[in-house]
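Asker: Feature table excerpt (TrEMBL):
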DOMAIN    117-237  domain 'NAD-dependent epimerase/dehydratase'
């Protein structure tokens, strides 16, 4: 070193590349897969569980790290992704006679979650927990009154997950979803495939009001919830139009007839209007819009179904 000259400072250490966020989806069904595909396109790491080797292969082809998980018997602590995940989306429904299989089968679940990197947890529930409210508007502060066995299990699962996260330092949300529809799962698809209604769908035909939500808006709600810190927040995720199911099918049929006149609706769908009775509830999404700032891509089934039909037409070009 030359006398009188200060030594050169050491070069700064290169910045460590920031690790991508890591989402783990427990139960990668219709919603979980939709969310996963879009997070992958945004540069996230995404892991997910499923129930068969065939589904595991499908998820891996999307770019996910997939695992076959029997939630009633498998040891969830053995899921390597659970230790590394920063975000956890729970989309496994309760099981009759068991309840939420994760909460029922894994007493050490809180310890498992505490020891990892988890920052955010979201449980996908259902607006069915409100029960029949005589057609009244209900928000998240409305008293729940589940009537069916499945909705009672849903509400018990909500409480179980909220209790579990009470002592964890992370954001936790319950999203109460209306009836889910989207590409491949809509009134249009039912008509086009000439599928008959399921027993549950036929029971819904008598309702004057039905809550529904396009899967794209579920994804919006999930993303928006990641931007706030909350420990026990519940949001209704529904659109603005609680129209009866018969009205939705009539509109879907009108869309199809304009493009595919040879496809005819099942008479049970088109004639169900005569069996409608005033009941159930109209579910408010005010909190979703005001607190999370969600602007629905599909505020009504009309725009949602039109977008699905448009995607069909684009696919045929």
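Heads up, the Cβ atoms here are built off N, Cα and C, so glycines get one too.
What TrEMBL says about a protein is an automatic prediction, not a curated fact.
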Asker: Could you tell me the mean pLDDT over the domain 'NAD-dependent epimerase/dehydratase' (117-237), as a whole number?
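Answerer: Overall, the domain 'NAD-dependent epimerase/dehydratase' (117-237) comes to a mean pLDDT of 89.
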Asker: So how many of the residues in the domain 'NAD-dependent epimerase/dehydratase' (117-237) end up helix, strand or coil by DSSP?
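Answerer: Here the numbers are 44 helix, 31 strand, 46 coil.
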